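Chemist: Questions regarding the structure given below will be posed in turn.
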Amino acid sequence: MLSGSGSSVMWFRKGLRIHDNPALQLASQGASHLYPLFVVDPHYMEPDPTSFSPGSSRAGLNRIKFLLESLVDLDLSLKNLGSRLLVLKGDPAEVLIRCLKEWNVRKLCFEYDTEPYYQALDTKVKNFALGAGIEVFSPVSHTLFNPTEIIERNGGKPPLTYQSFTKIAGQPPPPLTITHSSLPPIGILGSCDISEVPTIEDLGYGDAKQDEFSPFKGGESEALKRLAECMKDKAWVATFEKPKGNPSAFLKPATTVLSPYLKFGCLSSRYFYRQIQDVYETMPKHTSPPVSLLGQLLWRDFFYTVAFGTPNFDRMKDNKICKQIPWKDDDKLLEAWRDGRTGFPWIDAIMVQLRQWGWMHHLARHCVACFLTRGDLFVHWERGRDVFERLLIDADWAINNGNWLWLSCSSFFYQYNRIYSPTSFGKKYDPNGDYIRHFLPVLKDMPRQYIYEPWSAPLSIQTKANCIIGKDYPKPVVLHDSASKECKRKMGEAYALSKELDGVVNEDDLKILRRKLDEGKEQETKAKRSRNTSGLA
């Protein structure tokens, strides 16, 4: 057992920043020594050669790279304060418990996390620490509000509408104004196996085949620089209105692109909120929630709160707020969508951008999620969610699941007849198809009148554009008009069943409904055939 009775451990997971970090503030307060720690968790970081894209079993390489950049930046910031980031590898609970024993720690601090994985991990660590007489501080700072408090104020249940959430939440607490000029020194490290922040190669990704990496670099410094740039354009901040914005703008995206920095806690949401308020105070008028920039931060907290208070939030089965819908389990359609091979250029270009950049505009996300689920392919939202969870650099458990529930009309939003057209929606913003030409260079010479529906181009035009449909670029996997009509019919039947059974739909009910829908489709096909045959007679 090493000496150092006043030693503290600051366990970084998310919250990879110095500014507005209550856990770091508590850890450094009155400590003789401070151990800033990050554990490389094989659960998230170990290469998985069987996955459909380079990365681990849980995260694509873009997100892993973003995280490593964020850790390098944090390490530099800590070094400027007379400290450094201590990086260890292994199961976080085991590694942490070993270090707490070795360093004779008196205080353990880490940011509160609502994700189920961290909830289980934190319980294990807290139980050991409290049993060993170690003080544990786990302040809420990843969100504007404490989800537990919001749920308590709402009678023990999460508010299920944005309006009820904002009414209960009120104003968030301000960010910490304290700035650190230095931190307590690191104590004796003993036999704990400490390393520097690993590189992609150190983690075993040296041979990973990835043509293009995300243009967005991780880290608190980058986050604060990007925030300052955004806040400079006061008129843009004041007039920001979602869902407006151009989803096809890629050279200069039409949003802040601060979501990945919020996801990893490189940027404090409370600090961001305060900065927006400061801009509003200097402007004669500004937009309001839910569509304003401030409103987007409240949406984030709304999803965090509902996710935290809803058992099985990340699946359809046993999820009380999720409509039970007989989705298809079609691997071929899923793969065509995932790999940008649906034959609909607008959809495919978005999926290629996701694969290459790990990011796309929120309206682009809406289009491809709607297309996969209730719009055209009727594939289960959980399958699409898994793809986003892997490839997005801002993949966030609560928000990603919340958005898929919303966009598949499984929860929150129920107007399933309103869909995003895979051909006309993108055309409104980018009639020339520049976005498609960039991400799908095979279509770069296709004339603008055919760029969104290249299958409709005469063969002579296809030949001239060096892109034969069905050979160089796929034919559409479905006929949009009939596919969307069929999806609406299925959604209508599922909603009717839910109403009939007061929302309590079990697996047997879904099997019966699936059979009924399949029989209905069969009869429709037979009727069409007989009509065609009688027409030929």
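Using the three backbone atoms N, Cα and C, a Cβ is placed for every residue, glycine included.
Sharing the record's features from TrEMBL:
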- 6-144: domain 'Photolyase/cryptochrome alpha/beta' (DOMAIN)
- 255-259, 296-303, 394-396: FAD binding site (BINDING)
- Trp327: site 'Electron transfer via tryptophanyl radical' (SITE)
- Trp381: site 'Electron transfer via tryptophanyl radical' (SITE)
- Trp404: site 'Electron transfer via tryptophanyl radical' (SITE)
- 515-527: compositional bias 'Basic and acidic residues' (COMPBIAS)
- 515-537: region 'Disordered' (REGION)
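Map the listed features onto the structure and describe their local environment.
Modeler: Summarising model confidence by region, the domain 'Photolyase/cryptochrome alpha/beta' (6-144) averages a pLDDT of 96.
Its Cβ placed at the centre, Trp327 (site 'Electron transfer via tryptophanyl radical') has 23 other Cβ atoms within 10 Å.
Same-chain residues at least 6 positions away in sequence with a Cβ under 8 Å from that of Trp404 (site 'Electron transfer via tryptophanyl radical') are, in sequence order, Ala369, Thr373, Trp381, Glu382, Gly384, Arg385, Phe388, Ser410.
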Chemist: What's the number of neighbouring CB atoms sitting within 10 A of the CB on Trp381 (site 'Electron transfer via tryptophanyl radical')?
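Modeler: So the number of other Cβ atoms within 10 Å of Trp381 (site 'Electron transfer via tryptophanyl radical') is 26.
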Chemist: With every protein chain in view, how many other Cβ atoms are within 10 Å of the Cβ of Trp299 (FAD binding site)?
Modeler: 19
Chemist: Measuring Cα to Cα, how far is Phe303 (FAD binding site) from Trp327 (site 'Electron transfer via tryptophanyl radical') in Å?
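Modeler: Phe303 (FAD binding site) and Trp327 (site 'Electron transfer via tryptophanyl radical') have their Cα atoms 24 Å apart.
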Chemist: Would you kindly give the Cα-Cα distance separating Trp327 (site 'Electron transfer via tryptophanyl radical') and Trp299 (FAD binding site), rounded to the nearest Å?
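Modeler: That separation, Cα to Cα, works out to 27 Å.
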Chemist: Counting across all protein chains shown, how many other Cβ atoms sit within 10 Å of the Cβ of Phe303 (FAD binding site)?
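Modeler: Counting Cβ neighbours of Phe303 (FAD binding site) within 10 Å gives 25.
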Chemist: Whole-number Å only: compute the distance from the Cα of Thr255 (FAD binding site) to the Cα of Trp327 (site 'Electron transfer via tryptophanyl radical').
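Modeler: With distance taken Cα to Cα, Trp327 (site 'Electron transfer via tryptophanyl radical') is 32 Å from Thr255 (FAD binding site).
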Chemist: In the domain 'Photolyase/cryptochrome alpha/beta' (6-144), how many residues does DSSP put in helix, strand and coil?
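Modeler: Secondary-structure breakdown of the domain 'Photolyase/cryptochrome alpha/beta' (6-144): 58 helix, 28 strand, 53 coil.
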